[in-house]
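Trainee: The following block contains the structure, expressed as structure tokens.
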Amino acid sequence: MAAPGATSIDTAAAHIAGATALADWLVIAPVALPILGGALLLMVRHRTRVHAVLAFLFLFASFLSSAFLLARVVSEGPLVMTMGRWLPPFGITFNADVLGATFATAATFVATVAAVFALRDINVTGRRYGFYSFLLLMVAGVDGAFLTGDIFNLYVWFEVFVISSFGLLVLGSERRQIDGATKYAVLNLVATTVFLITTGMLYGTFGTLNMADIARKAEGLRETGPLMTIATLYLLAFGMKAAAFPLNYWLPASYHTPRIVTSALFGGLLTKVGIYALLRTMMTLFPVEREVLSGLIGWIAVATMLLGILGALAQSDVRRIIGFVVISGIGVMLSGLALGTPLGVTGTILYAVHSILVMTALYLLAGLMHEAGGSYSLHETAGLYRSHPLLAAMALLLVLAAAGLPPLSGLWPKVMLVKASIESGAWWLASAILVSSILTVIALGRVFALSFWRMDAGETVERTDAERAISPGAGYGVLAALIVPAIAIGVYPEPFLRLAAAAAAGLADPASYLDAVFPPGGGS
Amino acid sequence: METALAGLVGLFYAVAIYLMLSKHIIRVLLGIVIFGNAVNMTIFTAGRIVREVPPIIPAGAERIESVVANPLPQALILTAIVISFSFFAFLLVLAYRAYQELGTDDTDEMRVAEPEGESLPPLGY
């Protein structure tokens, strides 16, 4: 501290004057609420009865705040909040634009629904070991990654959700879980470390970590700085997180091992954070480098979608089939990134939202099929159509959605991506998307045909009473909560298309994003 | 100074990657530790190395006039150390539990989650 009487240092140029407007706190609400909830749940760890209620309330509140945030961002443009009152690029900035707010809304919605499903899937022991705390902290990490405007902070949020996902993955400590978790943990750690290496190099080159500042300075450094190297390393790190070929082997090794609600959350949320980070770095920070890499990304996309779905065709465990379908969807999303046209990126964003909803729903469907039929194996389940007609109807809808058939949400993004590929002359990309869709119909249609239509499996499963469905109604309700928005996107796509197009426009032309962080005529 | 450190960082990466390519979990873990330290040194070197002058504004002055050490990389490294330490602690426990449960630290033999020779799905009914 300066001695009394000494002139106080004028920090007006680096500080925000005055308090943050109350409404601006909305930017961090989707992150702060789950962290608070997670901490609170740790304090009441032994009172497992209140866990689900508290978790639901906090998740629902963060869903509502994300939705309000999205509404505000759509009407008023990107919202910025800077921590510690240090003006950007010094302080850590939270920066909500349409893309981040859309993903955060979808993610918190899915997490809220999954928290309800967890009531039937996670027993008292699992809750005492902190299932709901891990869930809330993972949601906080995912939301933080979607909303932050600082690349090192993005790394920190990655670590937050990765370490929470470790906790969720090993919850139960079965042999298969420990086996899967070992591979998941090592490979994800390597991916985030590559992310950190790249961020270190980026800092050495740019001298800043604020994403808007990086985007602003990239133009001047293109001649001298190793921007191509940095962009390629980000592609490697985030491609690994997103489970893009050939770095996707951790996903089929681990996603089928934990509790089904955990698989559902992982399949819905985690790979999409990788896609989000790829979109943010490639489209906003390094658009010129993305142009150079577009051919590589395109072939990665083709390999990911085709090899992913071929993997699904060879599996007999429903959860492993869905794991490979998740990978195939990542390929479809990468195709829009490879094209880089507004239509392609819009398709990618809409597909990501669709994938968050539908992949979660598919895993939950597998969980309900297990409750109804007693097994995950296609060799053993049969005749569910007769015993559970409502479940069969929802399963059929989800098969259509995942394959990209009307009237569900998978159709429009695929139409846009195919159209964008043909417009760019990338016929091979368009045909790969179509072929992978047909193979998805076969892979998931076979699940439907064998588990629901087939009368008798030949092999009977010994079932104990504990495995029998507790109350099918609640499970159907949870599944319906995910299917309804998917149908809404499919039948009335107009508002969702506008939203995705606005998000894509904000990515491709970051002017409003930059203006929000560095107001013209003010700040630095 | 930067050149020497860059060379050292490269050596660290080489050792880390060599160890991580092993199929024994314990070597992979050793590789991960070295990998984490290599990253910290990368950030440290990337922030440019200026010794002797701490980044403190002298009394009475309004800004730093001379070249001083960059405090930000140290803050980043501190964050990264904390994170990688907690990850590594988790991984050690996980590897030990895996050794207990699966009876091996050879990843080729860790096939509980993905058993070998699984049958294909039924082709008809």
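From the backbone N, Cα and C atoms, a Cβ is placed for every residue, glycine too.
The following feature annotations were taken from TrEMBL:
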- A:150-440: domain 'NADH:quinone oxidoreductase/Mrp antiporter transmembrane' (DOMAIN)
- A:25-44: transmembrane segment (TRANSMEM)
- A:51-74: transmembrane segment (TRANSMEM)
- A:94-117: transmembrane segment (TRANSMEM)
- A:129-148: transmembrane segment (TRANSMEM)
- A:154-172: transmembrane segment (TRANSMEM)
- A:184-206: transmembrane segment (TRANSMEM)
- A:226-251: transmembrane segment (TRANSMEM)
- A:292-314: transmembrane segment (TRANSMEM)
- A:321-343: transmembrane segment (TRANSMEM)
- A:390-408: transmembrane segment (TRANSMEM)
- A:428-453: transmembrane segment (TRANSMEM)
- A:474-492: transmembrane segment (TRANSMEM)
Trainee: What parts of the chain pack near the transmembrane segment (A:51-74), using Cβ distances under 8 Å and only residues at least 6 beyond its ends?
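Mentor: Cβ under 8 Å, 6 or more out: 23, 26-27, 29-31, 33-34, 36-37, 40-41, 44, 96-98, 101-102, 104-105, 107-109, 111-112, 115-116, 118-119, 127, 131-132, 135-136, 139, 143, 499, 502.
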Trainee: Let me spell it out: take the transmembrane segment (A:184-206), skip the flanking residues so only those 6+ beyond its ends count, and list any with a Cβ under 8 Å from a Cβ in it.
Mentor: 151-152, 155, 158-159, 162, 165-166, 169, 213-214, 217-218, 221, 225-227, 229-230, 233-234, 236-238, 240-241, 247, 249-250, 253-254
Trainee: Among the recorded stretches A:94-117, A:154-172, A:321-343, which has the greatest number of Cβ pairs closer than 8 Å to the transmembrane segment (A:129-148)?
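Mentor: Per the Cβ under 8 Å count, A:154-172.
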Trainee: Residues of the same chain, at least six outside the transmembrane segment (A:25-44), with any C-beta under 8 angstroms of its C-beta?
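Mentor: Sequence-remote neighbours of the transmembrane segment (A:25-44) are 50-51, 54-55, 57-59, 61-62, 65-66, 68-69, 72, 79-81, 94-96, 104, 108, 130, 132-134, 136-137, 139-140, 143-144, 147.
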Trainee: Examine the transmembrane segment (A:474-492) against the transmembrane segment (A:94-117) and state whether at least 3 Cβ pairs sit under 8 A, considering only residue pairs 6 or more apart.
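Mentor: With 3 or more qualifying Cβ pairs, these stretches touch.
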Trainee: Counting only residues 6 or more past its boundaries, what in the same chain has a CB within less than 8 Å of a CB in the transmembrane segment (A:321-343)?
Mentor: 242-245, 248, 251-252, 255-256, 263, 267, 271, 274-275, 278-279, 282-283, 287, 290-291, 294-295, 297-298, 300-309, 311-312, 315, 349, 351-352, 355, 359, 362-363, 366, 402, 413-414, 416-417, 419-421, 423-424, 426, 429, 432-433, 436, 439-440, 443-444, 447, 501, 504-505, 508
Trainee: In the same chain, which residue numbers or ranges, 6 or more beyond the ends of the transmembrane segment (A:94-117), come under 8 angstroms Cβ to Cβ?
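Mentor: Answer is 27-28, 30-31, 52, 55-56, 59-60, 62-63, 66-67, 69-70, 73-74, 78-83, 132, 135, 138-139, 142-143, 146-149, 211-212, 261, 264-265, 268-269, 272, 276, 279-280, 349, 352-353, 356-357, 360, 364, 367, 474-475, 478, 481-482, 485, 499-500, 502-504, 506-507, 512-513, 516-517.
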Trainee: Which sequence-distant residues neighbour the transmembrane segment (A:428-453)? Criterion: at least 6 residues beyond either end, Cβ under 8 Å.
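Mentor: Contacts of the transmembrane segment (A:428-453) (Cβ under 8 Å, skipping residues fewer than 6 from its ends): 298, 301-302, 305-306, 308-310, 312-313, 318, 321, 324-325, 328, 331-332, 335, 338-339, 362, 369, 373, 378, 381-385, 392, 395-396, 398-399, 402-405, 414, 417-418, 421-422.
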